[in-house]
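Per Swiss-Prot, the features are as follows:
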REGION    1-267  region '2-C-methyl-D-erythritol 4-phosphate cytidylyltransferase'
SITE      Arg15  site 'Transition state stabilizer'
SITE      Lys22  site 'Transition state stabilizer'
REGION    268-422  region '2-C-methyl-D-erythritol 2,4-cyclodiphosphate synthase'
BINDING   Asp274, His276, His309  divalent metal cation binding site
BINDING   Asp274, Phe275, His276, His301, Ser302, Asp323, Ile324, Gly325, Phe404, Arg407  4-CDP-2-C-methyl-D-erythritol 2-phosphate binding site
SITE      His301  site 'Transition state stabilizer'
SITE      Thr398  site 'Transition state stabilizer'
Amino acid sequence: MAVGLLLLAAGVGSRLSSSLPKAFVSVGGLDLIQWCLKNLGQLRTALEVVVTVPKGFVELCERNVLQSLGTLEKIKIVTGGATRQDSVGLGIRYFSARITKLLVHDVARAFTPPEIYLSVIKQLETSKAVIPVIAIVDSIKKVNMQDAYREVARGPGEPFHTKSVLHLDRREFFSAQTPQGFDRALLEAAHERSVASNEQFADDSVMVAQIEKDITLINGHEASFKVTNPCDLQRAEFAASSLLSKSNVSPVNISQPPISALSMPLPLIGVGIDFHKFILDESPLFLACLEWKNYRRLQGHSDGDVVAHACTTALLSAANMGDIGSVFGVDLAATKDASGAYFLESTNRLLATNGFCVLNIAVQVISNTPRLADRRVEAEHAISDCLSGARISLSSVTTDGMGFLGRGEGIGAIAVAQIYHR
């Protein structure tokens with residue numbers, strides 16, 4: 001039985017609020033796709049692998065694979081489609097003719113344990129379709145589909161207007177996970193049908209079920225959660241830390257003897273310092289990517305966000321790319337009143353283009369006012385959102401009345417950033 005593995009990494013991660021596609025978001029020093037490859041290391045099973053990535057990210061993915069595997073042999077990295085279903089349809093074309101069974105896996109489920117892959121492969125010996133599922137722990141409520149889309153769009157905490165609610169027994173329902181396994185011929189036939197009917201399905205099991213009702217279910221795993229929203233990154237960080245603490249985790253080996261253990265890349269460290277004085281202006285203060293009403297604005301060609309500027313210089317310094325002034329200029333029309341988020345997001349893209357990823361930034365704010373502790377967590381999240389979910393730590397201190405900062409003439413910030421090169 002010749003098995004192929006299709007890794008879907010073409011999702012843009014819009015709900016993750018990341019400037020990078022989801023597969024290339026850093027968690028614990030590695031991108032999600034690298035964790036996915038790392039977790040496959042214990043399979044010891046010969047697999048032919050195809051990876052679908054967004055347009056323009058083939059080269060970056062190749063670097064990820066080389067760092068994880070040391071080789072591109074048996075790996076094909078191709079550009080995916082506009083939807084998950086399109087990416088699957090494109091990806092299955094790249095497997096060699098000898099492949100008779102296919103596993104389809106979302107890279108967003110980067111921490112799926114090896115035993116789940118092995119269980120799916122084992123069941124494919126006697127089944128045409130195999131789906132890992134996990135019990136639902138929450139109570140289930142059913143509403144009209146159009147009502148659901150409208151109500152969810154209203155945002156967290158907002159009351160539903162619809163009253164058409166059915167209360168379902170959760171014991172009858174399970175959540176589907178990946179990898180999902182299929183006979184190759186069955187999956188290809190299901191895709192041909194979906195193209196002909198112009199239908200879109202939530203996943204491959206739903207699509208295959210249109211022509212094959214006999215689908216085998218196996219128990220999935222809690223670690224096979226899907227990274228979808230920013231809060232999922234905290235869970236992913238915990239999973240990454242757990243894996244790094246295990247000495248028996250080795251890099252993925254698809255068809256060759258084990259290679260040396262994947263080591264964490266050495267961090268590159270940069271320091272950024274910035275100061276701005278207060279001015280009399282009707283505009284509000286901008287600090288740490290937040291607007292602070294009823295506080296004096298900081299002077300600057302841009303919005304004067306001293307925290308964002310210090311972080312930007314720290315990141316550029318770590319990458320040996322200069323500082324905020326040398327990269328963005330000091331008086332360009334394009335950066336007039338530019339926000340701190342603009343500088344951080346632009347720097348994040350610049351780093352990513354050059355193969356860097358942000359690990360974390362620690363920032364010390366020096367000022368008498370405003371009181372940063374009141375909005376510290378909010379500010380950390382705002383900066384993190386600009387940097388693909390990187391960890392941010394903000395703290396503040398005064399000078400006990402000494403110097404121009406002690407006299408309340410302005411605000412200073414010192415930032416230390418850690419990045420790594422893929």
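Cβ from N, Cα, C; glycine included.
Among the recorded positions Lys22, His276, His301, His309, Thr398, the ones whose Cα sits within 10 Å of the Cα of Ile324 (4-CDP-2-C-methyl-D-erythritol 2-phosphate binding site) are His309. Among the binding-site residues listed here, namely Asp274, His276, Phe404, Asp274 has its C-alpha nearest to that of Lys22 (site 'Transition state stabilizer'). Around His301 (site 'Transition state stabilizer'), the same-chain residues six or more apart in sequence whose CB sits under 8 Å from its CB are Val330, Asp331, Thr335, Lys336, listed in sequence order.
Cα spacing between Phe404 (4-CDP-2-C-methyl-D-erythritol 2-phosphate binding site) and Asp274 (divalent metal cation binding site): 14 Å, rounded to the nearest whole number. Summarising the environment of Phe404 (4-CDP-2-C-methyl-D-erythritol 2-phosphate binding site), the number of other Cβ atoms within 10 Å of its Cβ, over all protein chains shown, is 12. The number of other CB atoms found within 10 A of the CB of Ser302 (4-CDP-2-C-methyl-D-erythritol 2-phosphate binding site), across every protein chain shown, is 22. For the pair Ser302 (4-CDP-2-C-methyl-D-erythritol 2-phosphate binding site) and Asp274 (divalent metal cation binding site), the C-alpha distance works out to 13 angstrom.
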